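Input: a single structure, listed below in structure tokens.
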Amino acid sequence: MKPQEPQFSKISRNALSTITLLAITSRLLTWFIAFISTLIIDDYDSSVDTILLTESELPTLIQNIFNRIFRVFLRWDSFYFLHIAEEGYVFEQSNAFFPFYPLLIRGLGNSVFLPLKSILSYKQIMLLSGVLISNISFILASINLYKLSIKLFNDEKFAFITAIFYIITPSCVFMSAIYTESLFAYLGFLGMIFYVEKKYWKSAIVWSLASFTRSNGIVFIGFFVYELLIKEIMRMDLKLLITRFVKTLLLSIITLSSFIAFQIYGYDSFCILFTPIRPWCYSKIPLLYSFVQEHYWNCGFLRYYEIKQIPNFVLASPMIILSLFGIYKYARYDLKRILSLNLISGNLADKTSSSSEKKNDCSPYFSTSILPFIYLWAILLLYVITSMHIQVITRFFSSQPTVYWFASHLFINSLTKSYKKVDDESSICTSCLKKKNSNEKKKTNVGIYLKEDNYETRDEKDKKENSNGYNKFEDGDIRRLKNGRCSICLNEREDKYYNNNNNNKKEEEEEEEGNLGYLVLSYFILYGLSGIILFAIFFPPA
């Protein structure tokens, strides 16, 4: 009999259903808030009418209703994607937007939704296709992030909360609009699942589609470099090293192939078939994408560091701070591990941190298995801070699982801290109380007596001192046992969230993280809500 695979239990299947339902609900809620916002506040920019017909020109009631419902998803970069889906790459600046998403829009609009042409305009059909692709991709990405977390950490609670944080991502409105964020996240997470399962060829193919969706998909080749070359380089002989190098090269070529193909297409369009030949064609490495980003969007090293951009830096600061702190916490947990690419064993404590601190910290976030993900996070953070429009970092990081893993880590610490506080006040055993009492000089007139799980005040038992099995303790010291376990004798419990730790520095850090967990949750919710409203009324997005 074939052994049953233990990948997904009944609980995890139930969690998948819950995540799916919550993801769908979040999409409906996002649309509803955006729709209400447009009814209350006039659009900052009415250029959406250049894509969709104005209401006075709509010949039918159905088209009028459609225009009202779906126009909230057609903002800013959405115009480019919709135009590319309809007309192709007519303008040079359009090459800043990669073709996989527009191709899917055109394919769906010209097949499944083509019968709707009798009641909707072709532009509206394209819009409907794009919105559907984005929202379905978001739901699938939520599921994939949960699965990825399960495979990496085997922790149901951590994986579920991670998925919840993705569902309420601060860039939630972009996940429903005609933007590539949802599709890229879905492909990125799917490729990561294959990577964790060591199905490298599948992950390379999926990540090739990701790099056909967004340019930053090319950085996924770093996973192959780390896993096949760096991770075990100290234990490889020359033959194995050459074999691994060739495999890494082939996997990288597959991942980069779609990006390279798109650049060849651009070179052919503007350097061979176009007259006059564009100046970037004479560059040593004629990359159209780099030229477009620099020439039309003013992207480049430190180009965005201007006085007038200070508000955008402020707008981006929450995600920057969260990312910096997440990378710092992971690095501080084991500095040798992250600096040596894990070539030096990271299981032992650093000289800067006590061994008990590392031993007792059981958060999945500090797992060595996510080390390459942390490197990716750090590299992209450095790139976006120095070379991109800083305000896009929120949606740019919407496909980074480390953001949600760290948010989940902080939030679980918040819950754990609250639970510990309650438990500590209700579950101290007799032995610990005696020891605690003996160390305290202050005494009160009111005593409390303990017998098993019950306690009584001295008012009624004053004459029963130390009799009938009762033990006398000071008021405020006595606490009722909970399930026969003591919250001071934590080493007697198997629950990983109740390991004893007397390190004061460690306790201060946990207190700090506990407060930050709720703060991060508030940031996700409030930033997401404000983003929906601003996006819906056509205000410049983040």
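Just so you know, glycine gets a Cβ as well, placed from its N, Cα and C.
TrEMBL annotations:
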type	residues	note
TRANSMEM	21-41	transmembrane segment
TRANSMEM	125-146	transmembrane segment
TRANSMEM	158-179	transmembrane segment
TRANSMEM	204-229	transmembrane segment
TRANSMEM	241-265	transmembrane segment
TRANSMEM	310-331	transmembrane segment
TRANSMEM	365-386	transmembrane segment
TRANSMEM	516-539	transmembrane segment
Touch test for the transmembrane segment (204-229) and the transmembrane segment (365-386), at least 3 Cβ pairs under 8 Å: yes
Which residues of the same chain, at least 6 past either end of the transmembrane segment (310-331), have a Cβ under 8 Å from a Cβ in it? 170, 304, 338-339, 365-366, 370, 374, 377-378, 381, 385, 389-391, 393-394, 397, 402-403, 406-407, 513, 516, 520, 523, 527, 542
Stretch of maximal Cβ-Cβ contact with the transmembrane segment (21-41) [cut-off: under 8 Å; candidates 125-146, 158-179, 241-265, 365-386, 516-539]: 516-539
Any chance the transmembrane segment (516-539) and the transmembrane segment (158-179) have 3 or more Cβ pairs under 8 A, given the pairs are 6 or more apart in sequence? yes
